[in-house]
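Peer 1: According to TrEMBL, the protein has these features:
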type: TRANSMEM; residues: B:6-26; note: transmembrane segment
type: TRANSMEM; residues: B:57-75; note: transmembrane segment
type: TRANSMEM; residues: B:95-113; note: transmembrane segment
type: TRANSMEM; residues: B:119-138; note: transmembrane segment
type: TRANSMEM; residues: B:159-181; note: transmembrane segment
type: TRANSMEM; residues: B:201-230; note: transmembrane segment
type: TRANSMEM; residues: B:242-265; note: transmembrane segment
type: TRANSMEM; residues: B:285-304; note: transmembrane segment
Amino acid sequence: MSYLPLLGVLIILLGFALKWDTFAVVIIAAFVTPLLAGMSITKVLTLLGQSFLDNRMVSLYFLVLPMIGLVESHGLRQVAINAIKKLKRATPGKVLSAYMLIREVLNALGISLNGQIAFVRPLVAPMATASAASYKLSDADKELLKGRSAAVDNLGNFFSQNCFMASSGVLLISSTMKSLKHGVSPLQIALYSIPFAVITFILTYVYNYLMDKRLAVKEEA
Amino acid sequence: MFTQYLSTFFYSLLGICMAIAGIEAIKDKSNPARIGTGFFWFILALLFIFGDLIPKAISGALVLVLGLLSLFKQVKVGKIAEIDASRASEYAKKLGIWLFLPSIVLALSAILVGSLTNWGGQIAIGIGAALALIVAMIETRAPIKLVYNDTQRMFRTMGTAGMLPQMLAMLGSVFTAAGVGTLVAKAVSGAFPTGNKLLGVTLYCIAMALFTIIMGNAFAAFAVITAAIGVPFVIAQGGSPVVVATLGMTAGYCGTLVTPMAANFNSLPVAFLEMKDQWGVIKQQLPIAVILLVLHIILMYILAF
């Protein structure tokens, strides 16, 4: 057995690292790898077509888009913004943890907001900073609060998205496991995603709590 | 048989939406790549509606054309009309929290169909999406023209990025068929013994995180690492596939948290928030990422066996 097909993995690594067109890199790697394994062009194209069809279910999450588009054009974003604005501005940590909870619940319902652009920049980071108004924040603290706001959005987003069974991640897992002959249903995947959505929330809550403590101690000193 | 027809129906529905996106992309005169973008969507529509009838080699060639269109920058999102702000704020006031109702209907009906029938997840999602759309149409009293418009807007905004997950899954299948998984497994098993369950779980979770750090994309790492390590080192020892796969993917996300390669998540916010430290977001995520990765190893070991 030749090790040539491993060059396919190298194409992906290089292509992603050098920031080539991601979509094209993936298809080129899918075309070149079986060629290197010694398949004929016709066989390779057949394999490509078959694999595309076998994995159509991953794109099923598009079916949710007409509904999301419709509620979006009827003010979904405004409602979410209003809800976040109503958060009690007790401390920066509490604002961020409450935002994370909202983010996780919405994600589990399949509402994947563009958090960093639509919420963190205009809303969450300024609110976290504003709620620390009574503290004497150094420049490093302000920088920390910005970084923490972005981090909380990522943490909430990543570890709750697979709780929604029609998310692209769940469908990708299900489809890949099917082709590896160990099929698992999207519903089961969503179910087993719940523990880490909860664990990540608890961890982040404690993490934010500790940050509040530290900022408050600084104020007294 | 019934579920076969139903899933063909849902794929065809998807294909029709893609064709609509293609028509609207071609009509967008401001887009210099409007012809290529139109073709991109039409080819996808063809593959989704008639995929089962077209000879596989031709489908494969069409997939290759999709890649070439993207490679030569012929697929662009173009100009997409903004949401009508006055309608949005009017209905935000009128409906408020009820705007989340369609999403709740979607989640609940998909879970119900998925657990009460044996039709499979795809049908459950299709039915859920259809019901949710109907609820949304009723509560917004949106004219069909608006539904059409929102659909093409959403599809066109997704572009090649939206199709990427399926392409990565396709790559995974191709890698498996070309024996890439077996090759990596052979290389890895040269260095580590296969018999030990805890070692297998540790190896798999760390490899998922590492590959994701290098590639910046857990989806891309998943197919390769699961075939190469997840299956031979964990599932073959009796590990439950659903636990291994689900936690394997999120172990990869621990890598996403600490890699500058995931620019959307870790670098763009630095720019948006006008931060001084390029690593400012990653530094905040690093402690949690490390703890989460350790917890993934522990929990996978406990739950999978």
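Note: Cβ is positioned from N, Cα and C throughout, glycine not excepted.
Keep in mind it's a predicted model, so treat the numbers as computed, not measured.
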Peer 1: For the transmembrane segment (B:119-138), could you work out the same-chain residues 6 or more beyond its ends whose Cβ comes under 8 Å from its Cβ atoms?
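Peer 2: Distal contacts: 3, 6-7, 9-10, 13, 101-103, 105-111, 113, 147.
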Peer 1: For the transmembrane segment (B:95-113), find every same-chain residue at least 6 residues outside the stretch whose CB is under 8 Å from a CB in it, and list them.
Peer 2: 119, 123-125, 127-129, 131-133, 135-136, 139-140
Peer 1: Which of B:57-75, B:159-181, B:242-265 shares the most C-beta pairs under 8 angstroms with the transmembrane segment (B:201-230)?
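Peer 2: Looking at each of B:57-75, B:159-181, B:242-265 in turn, the most contacts to the transmembrane segment (B:201-230) are made by B:242-265.
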Peer 1: Under 8 Å between C-beta atoms and at least six residues away from its ends: which parts of the chain pack against the transmembrane segment (B:285-304)?
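Peer 2: Contacts with the transmembrane segment (B:285-304): 197-198, 201-202, 204-206, 209, 234, 239-240, 243-244, 247-248, 250-251, 254-255, 257-258, 266.
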Peer 1: Does the structure show the transmembrane segment (B:159-181) and the transmembrane segment (B:57-75) touching, where I'm treating 3 or more Cβ pairs under 8 angstroms (sequence separation 6 or more) as a contact?
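Peer 2: The answer is yes, given that the two segments have at least 3 Cβ pairs within the 8 Å cut-off.
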